[in-house]
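The following features are taken from TrEMBL:
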type: DOMAIN; residues: 806-841; note: domain 'EF-hand'
type: DOMAIN; residues: 842-877; note: domain 'EF-hand'
type: DOMAIN; residues: 1263-1369; note: domain 'FAD-binding FR-type'
type: SIGNAL; residues: 1-21; note: signal peptide
type: TRANSMEM; residues: 584-608; note: transmembrane segment
type: TRANSMEM; residues: 1038-1061; note: transmembrane segment
type: TRANSMEM; residues: 1081-1102; note: transmembrane segment
type: TRANSMEM; residues: 1145-1164; note: transmembrane segment
type: TRANSMEM; residues: 1176-1202; note: transmembrane segment
type: TRANSMEM; residues: 1214-1236; note: transmembrane segment
Amino acid sequence: MSFHFALVWTLLVGPWMPMASQNSISWEVQRFDGWYNNLMEHRWGSKGSRLQRLVPASYADGVYQPLGEPHLPNPRALSNTAMRGPAGLASLQNRTVLGVFFGYHVLSDLVSVEKSGCPAEFLNIRIPPGDPVFDRDQSGDVVLPFQRSRWDPETGQSPSNPRDLTNEVTGWLDGSAIYGSSHSWSDELRSFSGGELASGPDPAFPRAAQAPLLMWTPPDPTTGRRGPRGLYAFGAERGNREPFLQALGLLWFRYHNLWAQKLASRYPLWGDEELFQHARKRVIATYQNIAMYEWLPSFLRKMPPEYAGYRAFLDPSISPEFLAASEQFFSTMVPPGVYMREPDCPTSGSFSHTSPLSPPLKHPSLQRAEDVDALLLGMASQIAEREDHVVVEDVRDFWPGPLKFSRTDHLASCLLRGRDLGLPSYTKARATLGLPPVTRWQDINPALSGSDGTVLEATAALYNQDLSRLELLPGGLLESHGDPGPLFSTIVLDQFVRLRDGDRYWFENSKNGLFSEREIAEIRNTSLRDVLVDVTKVDPGALQPSVFFWHAGDPCPQPGQLSTEGLPACAPPIVRDYFEGSGFGFGVTIGTLCCFPLVSLLSAWIVAQLRRRNLKRLQGQNRQSIMCEKLVGGIKAIEWQGHKEPCRPVLVHLQPGQIHVVDGRLSVLRTVQLRPPQQVNLILSSNHGRRALLLKIPKEYDLVLLFDLEEERQVMVESLRGALKESGLSFQEWELREQELMRGAVTREQRSHLLETFFRHLFSQVLDIDQADAGALPLDSSQKVQEALTCELSRAEFAESLGLKPQDMFVESMFSLADKDGNGYLSFREFLDILVVFMKGSPEEKSRLMFRMYDSDGNGLISKDEFIRMLRSFIEISNNCLTKTQLAEVVESMFRESGFQDKQELTWEDFHFMLRDHDSELRFTQLCVKGVEVPEVIKDLCRRASYISQEKLCPSLRVSARCPQKHADIEVELTPRRLQCPSDTDPPQEIRRRFGKKVTSFQPLLFTEAHREKFQRSRRHQTMQQFKRFVENYRRHIGCLAVFYAIAGGLFLERAYYYAFAAHHKGITDTTRVGIILSRGTAASISFMFSYILLTMCRNLITFLRETFLNRYVPFDAAVDFHRLIASTAIVLTVLHSAGHVVNVYLFSISPLSVLSCLFPGLFHDNGSEFPQKYYWWFFQAVPGLTGVMLLLILAIMYVFASRHFRRCSFRGFWLTHHLYILLYVLLIIHGSFALIQLPRFHIFFLVPALIYMGDKLVSLSRKKVEISVVKAELLPSGVTHLEFQRPQGFEYKSGQWVRIACLALGTTEYHPFTLTSAPHEETLSLHIRAAGPWTTRLREIYSPPTGDSCAKYPKLYLDGPFGEGHQEWHKFEVSVLVGGGIGVTPFASILKDLVFKSSVSCQVFCKKIYFIWVTRTQRQFEWLADIIREVEENDRQDLVSVHIYITQLAEKFDLRTTMLYICERHFQKVLNRSLFTGLRSITHFGRPPFEAFFNSLQKVHPQVRKIGVFSCGPPGMTKNVEKACQLINRQDRTHFSHHYENF
């Protein structure tokens, strides 16, 4: 309805409206930014245009370097010499203070060069030592900073194009100080209502300045604190700099709104825009008229020439000479204070030019219209300072200072500004402007020379009497007296004439259509007095006709000429500390950032502990122990273990003849035998709650139990009494104080010291060692030794000394044999008798001792049952449980081989005859006691590292052994009788080594026939050969690493060079050189590394590419290692990057805002406050800082959880934390895209790898969501789960490859990698997974045998893969060696089956021979592999595979059992061609494989093969040994061994 009404009103009324109301703006509106005033030179007078010189520039280098000391005098010294003088001298022409500050206002409308240049350049003012204001303590090191102004970057390139400064406002008298120098700034000032400028709550004042108006807000010079907010919004950025300029700005604000109101009442139909532009046009014209025809004549004392019209070819640009001349001359007339006058003339106080500069800013006094009127009227009535060379101390000594300094010398700053502008000398300027030359210093100002010639003389002395050096500013100031001197007058008049005549929008230009002749006449008749009367409502009679002069008889005279006397003293200069109060917080912040890895480590440790506890809980859920069941129902107590040991909760269970002490998990900690006729003492505590109990049993260490209550102890006592009586033991009871009870108790530690001395003296007697070396204690040694020699060992202590279990049959047999008196303990003599036989006995004596051990009935014969029992005790060491049938078969074969098949019992002679071929082994057989190291020769003998051995080791006469103990070492020498070697060749000399020195070890020669000639090579040649082989083996790795790190290093160097030498135009290296070079250089390398690290995880792409020709040049199998290497390098660079930014943040936190606005123009604006952001803003409020902190936290979490230890402890933690990479890259993009210092570059590196990685992940996702059915699940021994599942359609793989699976039943998408154990030709896929962690343990539980026969009951799997690795390269070598340790044998199961299948179907395979080395702790650990090897042996009809099995559990047990086990194994292989332990034809060895010897043997077996492939998979220790052996072999000029390995 309203729309229709408006339309009808327009149609009816519109045609009758006046034409002026329809289009009231009939002229070309002047732009705010000064552009297009001149239609030929559009830029003339515009904002940002360069200053136009009247005189050629004068720079030290002719381009941009300013002149300075020593060519020119010190600015502060010149200021003190030429500009210092008394204040309070009135103007000779009676000029008013209003005229002075109106001149400053006009100057702010025309030119502004205060904005600092970028990059920041400084011309510092060095303060002479002992300066009374700035160097009161005479330190001599005070420097006041002065920052050079912004310049046109297109200038300063050559002497023909010297530096020119730019004007930051419009260079016209266009009211830019009222309306702003840009359209956007003007819009912020407008109210857009009634054509007025926006006002605040009081219509007499503009609204408070707020963003985006960045008003100048200098810090308070009296306090050094940050300037205020809430300043008035003016067109000039520095309109609030002083209350006097602020008052003039308010004057023109009111005048504009006054005219807008007049026009609105006169033309009610005009809109806001018409009213604003008409008011603006009139205000600018009035302003132009006052400045040109009222103020300028008062300033120069002459009228400008008549206006002859617009001159389009006249350049009106502001000259630097005009800027310097006008500002310098104004400073001589500035008074020390300003009166505030009421309309009826009384003065109410005064403003000082310096000290009140800040109070109105911090607490603005001009908040009432009356205050503004009083200040304007006061300035109109007060006479300015005299027009001479003297400047008041407020301006010279206490002007608000820059940067950290609260005060500075304004005159010295002006002098430096002139040098920055490249102003010419005084004489050169006069000559260029056509003024008569000055040849003598006295001719500069004859009046001054006559009244005070010392000023000119002192100034001449500063310039070394060289008048040609005198600068324009001091020269022009010295020649002024009452009026500006000829030089200043000429410069100023020239500038204003050019401004008037070259301005197309000048109000007198009748051709621009702005005003009619009548309006021009009205404007010409308007004075500043009229403006004051209009806006202040003051009585016109209270103002003189010309407010720029005050003459006698004018109204409202000033009370007196103001001087510094009677005014409050200015606050002394202070130096602001930008970092004050931030040191502690900055340190805490850096410390917190450094603690990120520690916090991550703590978190990982907690997660690992929780996972370990969870794993133990899972493993212990179904574990039941018969012993634990028997011990249920014991008595709870606390066992006291000694003063230095912590107490532990235990459970005491009493049984006939035994006392069992178990822990909370029901594991047996100790068993005490109760045998008559022992005398047991039961000692009870009589104090401290009567809660302690001490049980003393002879030949055992004491048992001390603590109870919570006496009643609980009494229950234990009653139970003990019953048990002792039942066992037939006598006992005594008495009470002691608890302290005495514990002091008299024999603890386990004391017992161990006693047994230590026991063994030392035992071996000292056996081996003839000096008594001193046996370890006699220095204090009470004889008593202690006697006590040790009289003590007896229990069976548990005897078993512990042998490193065995008390219940082992071997321990039982040996203990029974040694315990001659049958009291259940071994005395010193009984143990000595046994030890002598083992250490010094002949093979016959050792075999007799062993015969007696197992002659259980003592009839001098060993029956077959006793022989079987002997073998069982030997086999216990390997955790092997052969059936009775198998043992019987072994015994029968051994009897039959020795010709005793008709005997049921053997005599000792028969038994020794059975061992006739093993005298050398028996000769070195000994009793392996803890703390006694086995001789190296015996170790070498017992390792049995002979594969196809044709020679045997012939040991030396003497062997020394080392027996390290806790408190002393003993030297042991074994002196067996000379051995007869089969070859009848002995070593050239005896081997004798004293204690602590290495024993020479002899390795058996594996092959006697050398197939090629050997040469003796020097060590240098071997090293070179090893290096050549290393380069040959890893040439692809070296090449790729060299290329990668060359690129990363090149990126670092490029950025480092750029910021060190080529980025001076940015200026950042002047602020933070080391920090920015380090941070930007590392940022470039990190961007590259974190981008291309993604390629190492593109498993599908890697699997594909490794089958292409690129695999010849790129080691795709090392992708994971390369991933770790890149990550390790990247984290180091990240730390350096962070360190660089820490330096940057500190330096940015102490850098002034004027510098920061240059470095970060999009982030900071130089508003004069000079205060930088605090350190916490950079860290936590700036986007790059906050994202950087978050990145550090994420990287700390990812790297710690990805470490080998924590990855093994908690794979799920690694899996989850590594998925933070998504957030990592998001933050990296944000962090690098903020472009604080340079344009974003991260996307240049990231885009291509990210797209490739996303494509690879999409391929994996397409497979991951296909559910795979499990066909068969079998729980194998040693915690291995065998899974057989369907082979997906199109699933092609090679032997040795691996997959990643996730189980749906576990409710997680956590994928784990496993190697396929099935061969490519098989219909199904199979995995063998060992339960090593919570996930694999739960997987084993889930795939427990189902109740039914349906396979559908098995949970389904997600499958991702296959993925390639180095093991699939086995077929590319003519001879390959496969080394598997632990569960690392899984890839070789697939390879062995694949090889045998291919050979059975006559498939051509390049590989002709495979040696498979299986390293396992026990043969029962992975029995499933034995089945696979058995299958391989049955199908291997071409003898392609040779298998060697190493059982490492026996590696350190070179005692009687190990020797007998070896004898039985060799006999079993000889008779049945199968291993006693595995049932395989493969050779079984005891101990760790000597890889170097094995590889040497392969060189002889395959002399024609130039390169053999070695593939290992297992624990890192094993793969390192293989790698070391390959490196040693590769020193020779023989077969090259190429090693490929995987760790788990």
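Using N, Cα and C of the backbone, Cβ positions are placed for all residues, glycine too.
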DSSP-derived helix, strand and coil totals, residue by residue, for the domain 'FAD-binding FR-type' (1263-1369): 21 helix, 39 strand, 47 coil
DSSP-derived helix, strand and coil totals, residue by residue, for the domain 'EF-hand' (842-877): 26 helix, 2 strand, 8 coil
Result, the transmembrane segment (1176-1202) in contact with the transmembrane segment (584-608) (3+ CB pairs under 8 Å): yes
Taken over the domain 'EF-hand' (842-877), the model's mean pLDDT: 71
Spatial neighbours of the transmembrane segment (1176-1202) far in sequence, C-beta under 8 Å, 6+ residues away: 585, 589, 593, 596-597, 599-601, 603-604, 607, 1127, 1131, 1134, 1138, 1141, 1145, 1148-1149, 1163, 1210, 1213-1214, 1217-1218, 1220-1221, 1223-1224, 1227-1228, 1230-1231, 1234, 1236
Distant-in-sequence neighbours of the transmembrane segment (1081-1102), which means Cβ under 8 A and at least six residues beyond its ends: 1044, 1047-1049, 1051-1056, 1059, 1116, 1119-1120, 1122-1123, 1126-1127, 1129-1130, 1133-1134, 1136-1137, 1140, 1224-1225, 1228, 1232, 1241-1242, 1244-1246, 1249-1250, 1252-1253, 1256, 1259-1260, 1361, 1363-1364
